[in-house]
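Trainee: I have a structure I would like to understand better, so I am pasting it below and will then ask my questions one at a time.
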Amino acid sequence: MWRVCARRARSAVPRDGFRARWAALKEGPGAPCGSPRIGPAAVRCGSGIPRYGVRSLCGWSSGSGTVPRNRLLRQLLGSPSRRSYSLPPHQKVPLPSLSPTMQAGTIARWEKKEGEKISEGDLIAEVETDKATVGFESLEECYMAKILVPEGTRDVPVGSIICITVEKPQDIEAFKNYTLDLAAAAAPQAAPAAAPAPAAAPAAPSASAPGSSYPTHMQIVLPALSPTMTMGTVQRWEKKVGEKLSEGDLLAEIETDKATIGFEVQEEGYLAKILVPEGTRDVPLGAPLCIIVEKQEDIAAFADYRPTEVTSLKPQAAPPAPPPVAAVPPTPQPVAPTPSAAPAGPKGRVFVSPLAKKLAAEKGIDLTQVKGTGPEGRIIKKDIDSFVPSKAAPAAAAAMAPPGPRVAPAPAGVFTDIPISNIRRVIAQRLMQSKQTIPHYYLSVDVNMGEVLLVRKELNKMLEGKGKISVNDFIIKASALACLKVPEANSSWMDTVIRQNHVVDVSVAVSTPAGLITPIVFNAHIKGLETIASDVVSLASKAREGKLQPHEFQGGTFTISNLGMFGIKNFSAIINPPQACILAIGASEDKLIPADNEKGFDVASVMSVTLSCDHRVVDGAVGAQWLAEFKKYLEKPITMLL
């Protein structure tokens, strides 16, 4: 129903290097019922089929009286989640939506075989989507028990179960002859009886069953507008309730984790109800945004339409001012009893859900001190939220000492709490990931820029009135050519392989009011300086205005960050994963250098650059070789023509 505003976008996901993390559906005795993500909406296993999420993917509602024609929709509506009590605990891995427009995919290659151990972060398979071939990796340790979709299978619907994984190697044998039909036959027969609702508990149609008594309508949900997007902010609605919508009209502007993207209409209709008001932050993927109807007379029927899923979504209020400081001395807080440690599996492994593991890492919690309340003692999100660290013994003695002088909190009005935007949050997450997982090392060199400045001056005279070529344009061109000479620097770490790219797409760091973003100069190795200059000016302008489209900043094979214009002599930049290198450019300054003349010296404009390398991909000697090629191209710019 919806698409990103740029119709000419080549791709909504990175062309290389993007990995999708799989969401698995826990099954078996005592297994928790998770929420696998299928497209932009989450399927809640506990309630069978969601009341709005999957239907809204096709613009279909139960109140319309129509039958869903979409193949994936029929499959999901006809095959509610069941538990296989005759089998050991296991995980059904569905095919997720790896791009906003993906409906089916092709299993290009399985990277793991049946019986093999899968570690956290291991690549399981490569899936060909409607945009690119995307790596598919594991979030936790397990074993491959059964592959249900063989290599080369085409048009696998999103949401189809593609493999089975187990936690224990001894459980693999139980799935030797496993098929989805066999699992369905083993399901308890009493489960379907839970479908009819009790007559004694009627619910308002607007709350529990939106769409059950309404005219034909389309419920629009928030889709994934970037590969890493998990939620978004509704910045502005461009249409009001009751207004007519024509094909191509801009409906709203959504702030994702990357940029602010226009959200436009593909079909004519009328906006009947806005479910998420302007300014609402952290709207999860799949949440209903609005209701659209085909007939104007149907608008009034949705005046009180309120699905329960969005009742908690409200515009974020400003942070409250600190309360006044009380003169009453603080009362001692009781010390919570030390929780027993979580049960450890083989070799001391602690069983923990991926979400709980992530939250524990963010809060600095030692998982061995947390008591798990999930199935078989597994640590879940609730355990992390309720965890209270144990107090050390000396703390009790310290409490007996007279209280020291208290530091008064800062009075109200002396600070400002700035809400964290989605872009800033993602920048923080990716930079932290880079520093924690990539072994950085740094190489620096000085480059004589005298020849480049002379050539630039002559070229700008020739281009007078048509634009100007900057020193940074020479740097982009020289970097791209050096990547062709030393392709190891134009590579990506893919966990199981090192992907060496055959084209050079240079990401250029641009500072914007919303945060740092890296628009891409595609095929920089074959573009001339004039074209590169034009691309950079256009991309930088769109970045600062927040008008970049996803394909203009997602991907890239090599990054350049230039702080020379701010007078910074040299610095070390953080690698942009999955790339292997980033080049930090400092300011040029005049220095005395030896020269074969009467004075014995000369004054040269020297620029300092630092190359940050991923040591898993680029060894020190290779990084030095790249810098030598880069320096040669800039000190003798005529060699760029060779």
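Glycine is treated like the rest: Cβ placed from N, Cα and C.
Sharing the record's features from Swiss-Prot:
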type	residues	note
BINDING	Arg456, Ser470, Ser561, Asn562, Gly586	CoA binding site
COMPBIAS	317-337	compositional bias 'Pro residues'
DOMAIN	90-166	domain 'Lipoyl-binding 1'
MOD_RES	Ser99	phosphoserine
MOD_RES	Lys131	N6-lipoyllysine
MOD_RES	Lys258	N6-lipoyllysine
MOD_RES	Lys461	N6-acetyllysine
MOD_RES	Lys468	N6-succinyllysine
MOD_RES	Lys542	N6-succinyllysine
REGION	80-99	region 'Disordered'
REGION	313-346	region 'Disordered'
TRANSIT	1-85	transit peptide
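Give me the lay of the land around each of these features.
Mentor: According to DSSP, Arg456 (CoA binding site) sits within a helical segment.
Lys258 (N6-lipoyllysine) falls outside any helix or strand according to DSSP and counts as coil.
Reduced to three states, the DSSP call for Lys461 (N6-acetyllysine) is helix.
In the three-state DSSP scheme, Lys468 (N6-succinyllysine) is classed as coil.
Within 10 Å of the C-beta of Lys542 (N6-succinyllysine) there are 19 other C-beta atoms, taking all protein chains into account.
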Trainee: Cβ-Cβ under 8 Å from Arg456 (CoA binding site), same chain, 6 or more residues apart: which ones?
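Mentor: Non-local contacts for Arg456 (CoA binding site): Ile469, Ser470, Val471, Phe474.
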Trainee: Do me a favour and check the Cα-Cα span between Lys461 (N6-acetyllysine) and Lys468 (N6-succinyllysine); whole Å is fine.
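Mentor: It is 9 Å, counting Cα to Cα.
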Trainee: Out of Ser470, Ser561, Asn562, which of these binding-site residues shows the lowest number of other CB atoms within 10 Å of its CB?
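Mentor: The binding-site residues Ser470, Ser561, Asn562 were compared, and Ser470 has the fewest Cβ atoms within 10 Å.
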Trainee: State the three-class DSSP label for Lys542 (N6-succinyllysine), counting H, G and I as helix, E and B as strand, and everything else as coil.
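Mentor: Where Lys542 (N6-succinyllysine) sits, the three-state DSSP reduction gives helix.
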Trainee: Using a 10 Å radius around each Cβ and counting other Cβ atoms from all shown chains, which of the modified residues Lys258, Lys461, Lys468 yields the largest count?
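Mentor: In terms of Cβ crowding, the pick is Lys258.
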Trainee: What average pLDDT does the predicted model assign to the domain 'Lipoyl-binding 1' (90-166)?
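Mentor: Value for the domain 'Lipoyl-binding 1' (90-166), mean pLDDT as a whole number: 85.
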